[in-house]
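Q: This is the feature table in TrEMBL:
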DOMAIN    4-66  domain 'DUF1899'
REPEAT    75-109  repeat 'WD'
REGION    387-408  region 'Disordered'
COMPBIAS  388-397  compositional bias 'Polar residues'
REGION    428-519  region 'Disordered'
REGION    531-598  region 'Disordered'
COMPBIAS  548-566  compositional bias 'Basic and acidic residues'
COMPBIAS  567-579  compositional bias 'Polar residues'
DOMAIN    579-644  domain 'DUF1899'
REPEAT    713-755  repeat 'WD'
REPEAT    758-790  repeat 'WD'
REGION    973-1030  region 'Disordered'
COMPBIAS  1000-1027  compositional bias 'Basic and acidic residues'
Amino acid sequence: MAWRFKASKYKNAAPIVPKPESCIRDICVGSYQTYGNNICASAAFMAFNWEHVGSSMAVLPLDDCGRKSKTMPLLHAHSDTITDMEFSPFHDGLLLTGSQDSLVKVWHIPPEGLKESLSTPECTLSQKQRRVENVGFHPVADGLIHVASGHELALWDLTQQKEAFVNRDHSEVIQSTSWKKDGKLVATSCKDKKVRILDPRAASPVLGVANSHQNIKDSRLVWLGDSDRILTTGFDSARLRQIMIRDIRNLSQTQKTLELDCSTGVLMPLFDADTNMLFLAGKGDTTILYMELSDREPYLIEGLRHSGEQTKGACLVPKRALRVMEGEVNRVLQLTGSSVVPIMYQVPRKSYREYHADLYPETSGAVTYLSAPMWMQNQDHPVPNISLHPNANNCTQPRLGPKPFSASAGSEEFSFDKVFSVPAVPGVPKSDSGLSPVSAPASATPLTSTPISRDEEKEKSLSPTSDVDVIPNKEEYTNGKSDTSLEEEVNSSDSGYRPKTPSTAERRKMFESTDGNQSIADLRRAYEVRSKSVAVESEAPPSPAPLRRRDSLKSRKSPEREEKRSSVPNVTTKRTSTVFGKVSKFRHLKGTPGHKSTHVENIKNISRQISGECNGFYGNGTRCAVPIGGGGGGRIGVVELPVGSTSIAKAPPPHPSALHPPSLLHPAPLQDWTFDPFSDQRLMVACDDGLLREWIIPEGGLQESTNEPKRTFSAHPDKIYIVRFHPTASDLLTTAAHDLTIKIWDLSQEVPTAEITLTGHTEQIFAMDWSPCGEYLATVCKDGLVRIYKPRASTEPIRSGPGPVGSRGARIVWAIHDTHLVVTGFDKVSERQILLYKASDLSAPVCTVGLDVSPAILHIHIDHDSNTLFLTGRGDSTIYCYEATCEPPFLCALSHHRSATLHQGIAFLPKNLLAVEKVEFARALRLTNGNIEPLSFTVPRKKTELFQDDLFPPTLVTWEPWQSGRDWLASKPVTPRTVSLQPPGMDTLSSQSAPAQPPAKEKPPQKPKPDLIKSHVPMDAKEKQDSIMKAMSAKVKLDLKLEQDSMEGVDEAEWDQ
C-alpha cells in the first residue's frame, strides 16, 4: 500500500490569483443555457461570449489585461446565442463556433488580433435547422471538425467541402463530445442518460453504449488522454453532483463513482493529459476544484481549491503558452460576470532560475502530418511531441501565419466555398436555393396587369446564375459595414484606427488627378476606405465589384489586395451623404426624449409573446395600445397619453405607482392590431382564430377592461398575420392571413365584405405596405420574393423580384415618392440587411447595406417629406437613421439615435402633431420594458424663430381621408391633398435670407489737387510729425469688433435640453 502515499510532483500545485489590474475587467457577460464552456483559448488568443444575448464574441490576446471599452472591436458571429466554440490545435488564429441559429462558422483571427469588428466568416455550415450543441476540431487530422446538432453527430471535411460522416443513433440531444488523444475514437454523453463510444471509420460506428448519470440535466464528458478511460460529470436521481470514471473495455461498469454535493451548477471537467491534473469548475460556483488522477484507488486525489467570483465559464490554456520559467504547470481562464481571471497553478520550488524538466513532460505540438482525407482512409499518425524548454528547437510560439485553406497569390482558386450547406428556400428548387439576390436576370418584369403564373414568376425572379458572377453593365452598391460600427471603431480607445484628416487642397488634388473615365462609384470607393460598394448605373462603365465572399478567402498579403490597398488614400472616412454633391440637411438629426412628466411609467405585465409580423406597439396622438400578458387569450392595454407628450394629449399625468391599464379582452391569442389613421377611437384587432374585432374607445379613454367589441366578423379561415388601414380612403381595411391571401374590406357596411382578394403568394406573408397615394400595395414573402399589386386593376402581382434570402422575417415600405421600395431582412448568414429597389425594376436591388448580426427584425418607418428612414428592432437600443436618394450611394447614413434602455416597439405620429417651431420633423412614442416615452427628432438650426421651409415642404394629409372607401373601390379619381405646416404669423427662412439688391455704385471721390505753393513752404518738426501720423492712421483700418462676436453658437433653446 506504499504506492498510495507516493509523493506526487503536482500534489502541492497552488492556484495563484493575479491582481485585479492583471485581469480583464469591465466586460459584459450574460447567463447562457448552453452545453459549452462559454470561453476558449489558443496559444495566442482567448474568445468568450459577449453581452446578454451571447451572439457576439470578444477575441483578445491571451496576455491582455485591464479595463475594456464597451465599443471595442467584436466578432459579430451569429444571430442567436453561441453554444460552443474552440480554437484549432494546429492554427492559433482559427476559431470554430456553433450557435442556436443552426449555423457553424469558421473564423480567421488576424495575427495582430481584432483591430475592427469582424462579421465575415471564412465559411459557414448549416445543420438542417437544428440547434448546434457541440463543435470541435479533431486532435490529429487537420481540417476535420465534429458538430453535434440535435440527435446527430457529424464530421465535416473542410478541405473537400463535404460532410464526411454522420451518425443518428442517439435518441436524444447530444450534450457533450470528446476525442481520444490519438483521434481514433470519440465518446458522447446524451440526454437519454447514456454514454456511447464511436469509431467513425468502422462499418458499425457505435462500439459501446452504457447507462450513465440518471438525471436529464447537463452531463459533461472528457477522454482521459491516450488511455482507455473516460470521465463524466452529471447528476444522479437525487440531484447530487456526480463524477464517474469508466474503462471503455468494460463500459457497463464504473471504476469510480464520486458524489460531491447538491449544487445545481453543472461541472465542467478540464483535463491535462500530460500531468493528469483535473479541474472541475461548476457554473455558478465560486470554487474551482483541483484533483489529480491516478490509475488505481482512490483514482481522484483532491488538491488545493480556488475560491473567488462566480463562474460563468472556464477553459485551459494550451501548454505552449505556459510560463515554464515560473513553475506554471497549468493555467485556467475563469470567466465571470464582468472579468476574465487567469488562474496560474504553480508547483512550489526553491528557485525558478532553471528549467524544471521533471514538471514538463513532452507535449503535443502544433504541427500534424495527417489531413482529413488521409484520416478518413484509415491512416493514423500521432502529432509529434515537443519540449517546452525555452531553448528547445521547436515551435512553442503561437502558430499564426497566413490564413489556412487560402489560395495562392496568383490563383483565383480557393479551397472551399463561402457556404457549404444552406437550408433550402421554401418553394425554390434545391439547385437554386443558395443563390444570391444579385443573381436575378437583368431584364425587369414588364409593367402589365396580365396574371403571372407562379412558375413563370420564379423563373423570372430567380435565374440559375452563379453566386459570384457580376451582372453585365450593372453594379450593386453594397455597403459592407454599417456606419455604427465605423463610429464605434473611431471612438474606441482599444482599436488601432487613427484617422488622418486631409486638407481641402489634398482632396481637390486627389480628385483632379483621378481618371476621368472612372464612375462615381469608383471615385467614392477611392475616398471611403471602409465602404464596399458597387452602384447600379446603366450607362456608367462597370467598376470592379469586390465580392466579399471570395475576397475573404484570399490571403491578406496577396499582391492583388496590396495593390488595391495602396491605391486607397489614407483619409478620414466620411459619411456617404457628404462625399459628393449637396450635404444632407438631416445629417445631424438629434433624437431627444420627452420630459419625465410626459412619460407613462411602470406599466405592469407587458407581453413579449408577439408574432414576428406584428410591430408590437401602436399609437396615435391621444392613446396607444400595448400587449398585456397574463390570463387566457390576448389582452391589449389602452393607455391614455399625458398632457405634453403630444399636442392633443389630454390625460393627466399618471401616478408613479404600478399601472395596470384597462384592457380589451380577446378569447384567442393576438396577432396584430392597428388604429384607424382618421379616427383616434377606432382600433381593429386580428387574432389567430381568423376573426376581426372592431373596438371603439370612449372619448375620455377606456375606464375598465371589457370583452365586448363593437362588432366581430370572420375574415379568414385561419390566423390573420397583418391588418392595415388604407392610407387615403376611409373605412378600407387590408388583411393578410395564413391562407396566403390579402383581402380588402369595406367597413362602411353593416356586415363588412371582402371587396378585393389578392392572390399569388406561395408562402407566409411577412409584411405589406400601401404606397402613399393609395394606388399600389407592396408585399414581401417567405418565398423570397417582393411583389407589387395594383389591387383595382388585377388580383395578381404586376411585378415581382427576389427579396431577402433569409426566412426569419422582413419589412417593406415605399420611398422617394412611390418610385422605390425599402426592404429589410436577413441574408443567408443571418446578417441584417437594408435593400433599396426601384419600383419599376425588381430584378435586383440598387443598393444593399449590411447592418449587423442580430435576431431582431428591423422595423421601418419613413418620413416621406425628407425620405429619412428610421430602423430599429425589438430589443434594440439604437434607432438607425438613413436618407434614401435616387442617386448613388442611394442610402446615406445619418446620425443614429442611441437610447439608454432597450425598447419593445416604436410608433411614429402623423406630421400634424409636430412642433415645427422647434424644427421637429418626426415624433415617436417609444415602448420600453415598462414605460412609454415620447421621442422627438429635430434638426439643429440657428434661426429657430423662422419657419424652416427647406425642411418642411407641403406634406401629404394622412390624418384625414381624401375620399370614401366606396369611391376608391369605384376607381374615382382624387387629387392628392397636401398642407403647409407653417404656423400662422411665422416668417419663412427663405424670405429672410433672400439676397438684397446691391446698391448703385457711386463714383469714387476725386483726390484734391496738391497745393503747389504749400508744398514748397518748409514745415517745422512738429507739423511734419503730425502729418506723418495722420497719413499712417489713414492707412490703418480700425475695427472695434471682437473676435468672439463673429463666432457661431447654438440656439438659446438648445441650452435647455
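Cβ from N, Cα, C; glycine included.
Walk me through the surroundings of each of these features.
A: Sorting the repeat 'WD' (75-109) by DSSP state (H, G, I as helix; E, B as strand; all else coil) yields 0 helix, 20 strand, 15 coil.
Under DSSP, residues within the domain 'DUF1899' (579-644) fall into helix, strand and coil as 3 helix, 23 strand, 40 coil.
Averaged across the repeat 'WD' (713-755), the predicted model reaches a pLDDT of 93.
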Q: Within the same chain, where does the repeat 'WD' (713-755) have neighbours whose Cβ lies under 8 angstroms from its own Cβ atoms, ignoring anything closer than 6 residues to its ends? I mean 6 or more beyond.
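A: Non-local partners: 611, 613-614, 671-674, 676-678, 684-692, 694, 761-765, 767-774, 777, 779, 789, 791, 958, 961-969, 974.
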Q: Cβ under 8 Å to the repeat 'WD' (75-109), counting only same-chain residues 6 or more beyond its ends: which ones?
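A: The answer is 32-37, 39-45, 47, 49, 53-59, 117-119, 121-137, 139, 142, 145, 147, 149, 156, 158, 318, 364, 366-368, 383, 398-401, 403-404, 423, 808, 826, 829-831, 852-855.
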Q: By DSSP, how many residues in the domain 'DUF1899' (4-66) are helix, how many strand, and how many coil?
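A: Residue counts for the domain 'DUF1899' (4-66) by secondary structure: 5 helix, 23 strand, 35 coil.
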Q: Within the repeat 'WD' (758-790), count helix residues (DSSP H, G, I), strand residues (E, B) and coil residues, in that order.
A: 0 helix, 17 strand, 16 coil
